[in-house]
Amino acid sequence: MGFLPAGGDGNPRENSPFINNVEVERESYFEGKNMALFEEEMDSNPMVSSLLNKLANYTNLSQGVVEHEEDEDSRRREIKAPRMGTFIGVYLPCLQNILGVILFLRLTWIVGAAGVLESFLIVSMCCTCTMLTAISMSAIATNGVVPAGGSYYMISRSLGPEFGGAVGLCFYLGTTFAGAMYILGTIEIFLTYISPSAAIFQAETADGEAAALLNNMRVYGSCALALMAVVVFVGVKYVNKLALVFLACVVLSILAIYAGVIKTAFAPPDIPVCLLGNRTLAKRSFETCAKMQVVSNGTVTTALWRLFCNGSSLSASCDEYFIQNNVTEIQGIPGVASGVFLDNLWSTYSDKGAFVEKKGVSSVPVSEESRPSGLPYVLTDIMTYFTMLVGIYFPSVTGIMAGSNRSGDLKDAQKSIPTGTILAIVTTSFIYLSCIVLFGACIEGVVLRDKFGEALQGNLVIGMLAWPSPWVIVIGSFFSTCGAGLQSLTGAPRLLQAIARDGIIPFLQVSPSIKLQQMMLAALRRETLEGQVWGYRGP
């Protein structure tokens, strides 16, 4: 037994390899604090005595190096393992998954097609469904220990492993495809609203724009998936750090939407939308919403004239509908005091390829048999009806499982999963329902039904409403979809791991040799830990 003097108190202290290492580390911690001259310097002063103590206790094992390093790594993981509470582990992941791509890219279009009343019904149905699911999940979660596996574990332990395995595998596939949806939303925001010039494939004609966009999304989506997979592979701790940044962008974006709505009551933004008769025009190839304009005391035709006619002269042959109807300009966002809410109250479903028309505006009908292609009209790209809109919106509310999927990383899963999930559903339901009412009260119907913002020169519809800048919504929605994709890629592998651990699906089972190696390694680690407790450090 050796005796070493303590940090200045004059009392000898015993230093023995048989004493627990935790006590030695605690002593070294306080010894380092004794080097400070003043009490205020104790946190900033370097712990010289602690450094000397670590250098003195340095060991270089000649045998059992691998076992020693594995033991040290296991102890470090036990001490520094990310154990998260309700707010970080459940509430924020659920919030981030629910407030994702649908809110920023498709909610305005859903309100325009279904109207305020039916959109309210769609969101209420979906939120009620998820609330009932969360209540049932809470009843199971509070009835026993919830280890890693989350919702799958709860289903399999309550309804049986066979049923749980079938539902769990479907849920794993759903979470995986949700991650693909968020990644594609990220790429759509990037290529459509942030940097359209970054597109690799360019469309030669207007009919080829959809195919070019799909090819660009395939290339950029694969790259984004690879980057997200690297982040998830590094560890859940880094995903949580990035999630806080992404969620801050989401919160700022939502606040910018509410601020923009309040601003429209006093000073609506000047966002003109061009109409030909009652048809909405895509304002990409022209600036002046008129057939002719006066320049230097002379009347000349505009770029819009040249799009509908075969020449720039007044005697040129033009489209029949262009000749029979006038060009008018309306405000795309008239504000909450404009009374546009009554116009957006009812649904306006349409077929694929139909014109986006403003209700209540008269126009002269013409024969559409010989309508030429390539005219700058805003057309619907898909047939809309109630159940289809329910199917488009419902994936946004499936993010309620993002917290339960990470039950293995929670401090108290029995408490965190019910509380965090139900709070996230209440919060997001209020945001979605309020946004439906506010969008219907502020934005013109033809702009709501314009899915890609073609009447706004390709700008994001919800971004034009936000204050102080549309870029707040664009950047916020970009990081929101990135964060939701990371959360999906984090939860899906843990779910598949829990299914494989139960051995329900044969091709997911681990081979016996690997199982034997894992059992031997676990036994070796237990023996090493027991030896360290009693001071044994190996031969």
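Positions of Cβ are set from backbone N, Cα and C atoms, glycine also.
The transmembrane segment annotation in TrEMBL covers 84-107, 119-142, 163-184, 219-236, 243-262, 382-402, 422-448, 460-486. Sequence annotations record features per position, and here TrEMBL assigns domain 'Amino acid permease/ SLC12A' to 90-261, 384-507.
Counting same-chain residues at least six beyond the ends of the transmembrane segment (422-448), those with a Cβ under 8 angstroms from any Cβ of the stretch are 90-91, 94-95, 98-99, 103, 107-109, 111-113, 115-116, 119-120, 123-124, 127, 130-131, 134-135, 138, 254, 257-258, 261, 264, 273, 275, 280, 330-336, 340-341, 343-345, 348, 356-359, 378, 397, 400, 403, 455-456, 461-462, 465. Here the transmembrane segment (243-262) does not touch the transmembrane segment (163-184). Their Cβ atoms form fewer than 3 pairs under 8 Å, with each pair 6 or more residues apart. Tertiary neighbourhood of the transmembrane segment (84-107): same-chain residues 178, 181-182, 185-186, 188-189, 240, 243-244, 246-247, 250, 253-254, 392-393, 395-400, 402-404, 406, 409-412, 415-417, 419-421, 423-425, 427-428, 431-432, 435-436, 439, 451, 460, 462, 473, 476-477, 480-481, 483-484, 487-488, 491, selected by CB-CB distance under 8 Å and a gap of 6+ residues from either end. Between the transmembrane segment (219-236) and the stretches 119-142, 382-402, 460-486, Cβ pairs under 8 Å are most numerous for 460-486. With a threshold of 8 Å between CB atoms, the same-chain residues lying at least 6 positions outside the transmembrane segment (119-142) that come near it are 110-111, 151, 154-155, 157-158, 386, 389-390, 393-394, 396-398, 400, 404, 413-414, 417-418, 421-422, 425, 428-429, 432-433, 436-437, 440. In the domain 'Amino acid permease/ SLC12A' (384-507), helix, strand and coil residues by DSSP number 99 helix, 1 strand, 24 coil. Summarising model confidence by region, the domain 'Amino acid permease/ SLC12A' (90-261) averages a pLDDT of 86.
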